[in-house]
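> My structure is below; once you've seen it, I'll send some questions.
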Amino acid sequence: MPAATAAAAAESSSVSGETICVTGAGGFIASWMVKLLLEKGYTVRGTLRNPDDPKNGHLKKLEGAKERLTLVKVDLLDLNSVKEAVNGCHGVFHTASPVTDNPEEMVEPAVNGAKNVIIAGAEAKVRRVVFTSSIGAVYMDPNRSVDVEVDESCWSDLEFCKKTKNWYCYGKAVAEAAAWDVAKEKGVDLVVVNPVLVLGPLLQPTINASTIHILKYLTGSAKTYANATQAYVHVRDVALAHILVYEKPSASGRYLCAETSLHRGELVEILAKYFPEYPIPTKCSDEKNPRVKPHIFSNKKLKDLGLEFTPVSECLYETVKSLQDQGHLSIPNKEDSLAVKS
């Protein structure tokens, strides 16, 4: 075997057969992590607030779940509860986190949950903890020009987040910072993934917050689109990114997970191309000002590790098809389509 090939093989050495703890296993991203980990041969221990809740039933139907998936009831704010879940695991994917702009519900639970997972990981001597942070911890800085590429060295301005009452971004930033501090103190190998807005097929039966972002343009509830931009990434790519940074010994630090940024006008154009039968808005709510320029997010670090991103158009198409297949979005009949077009 050539030296380069041997080195590559060693770098991505098979670690299937290991047990990975996935927190908040029933969530949108976490469900995909569980699915892909099982497909790769891992044993998965998923933490949930209530494993018996019907909304988590999809996990038990995943391929390999019967043999290699255990769902455990865990309160992430109870350190002993977290320790029990992590004990005996080789790695942890910490994905569970509140998604809210209520500061009391967002900040403290996110910070304490992250700390508890790192402490539990240290005690269990796990090989690596992979923490799902967010682009919200990275790009909120009024002093950074939109023309400057946002990369892993960037952090959100906490005072700006507080001033604008963006408690989601504030909570994500302080939770990630706390995770880094505790990991350093406890000697835990921590790697962080910072995804942008995540879309793609739903595995869970409920609609998640990011999917509502698309749904409103298809149901007719949004009559116009905003003069705003958003970066997108496929949920499968986010799950793969976590597995990649867990498996690659050389992975370290933070990894921005973004495919591309679109203006809302570009977003609705793609939706209208694939799904012309829906009442997708064609006018911007702000036609006086020039189009807002999108942020430029670097995804070089993940690409260098070998991640191939799914094109945003494919991601949007699969998101809508999933909403249709699960009954969250009705499919208009021909008469409705003609009415929309006229």
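Glycine is no exception: its Cβ is also placed from the backbone N, Cα and C atoms.
Straight from Swiss-Prot, here's the annotation block:
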type     : residues                                                           : note
BINDING  : 24-30, ARG49, LYS55, 75-76, 95-97, TYR168, LYS172, 195-198, SER210 : NADP(+) binding site
DISULFID : CYS161-CYS169                                                      : disulfide bond
ACT_SITE : LYS172                                                             : active site, proton donor
> Measure the Cβ-based neighbour count of GLY27 (NADP(+) binding site), defined as the other Cβ atoms within 10 Å of its Cβ.
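Cβ-Cβ neighbours of GLY27 (NADP(+) binding site) within 10 Å number 23.
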> Round to a whole number and give the Cα-to-Cα distance in Å for the pair GLY24 (NADP(+) binding site) and CYS169 (disulfide bond).
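CYS169 (disulfide bond) has its Cα 19 Å from the Cα of GLY24 (NADP(+) binding site).
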> Could you tell me which of these recorded positions, ALA30, ALA96, CYS161, CYS169, LEU197, has the fewest other Cβ atoms within 10 Å of its Cβ?
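Across ALA30, ALA96, CYS161, CYS169, LEU197, these recorded positions, the one with fewest Cβ atoms within 10 Å is LEU197.
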> Would you mind pulling the DSSP three-state label for LEU197 (NADP(+) binding site)?
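LEU197 (NADP(+) binding site) sits in a strand per DSSP.
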> Taking just the CA atoms, what is the gap between GLY27 (NADP(+) binding site) and CYS169 (disulfide bond) in Å?
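It is 19 Å, counting Cα to Cα.
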> Would you mind reading off the Cα separation of CYS161 (disulfide bond) from LYS172 (NADP(+) binding site), to the nearest angstrom?
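Here the two Cα atoms are 11 Å apart.
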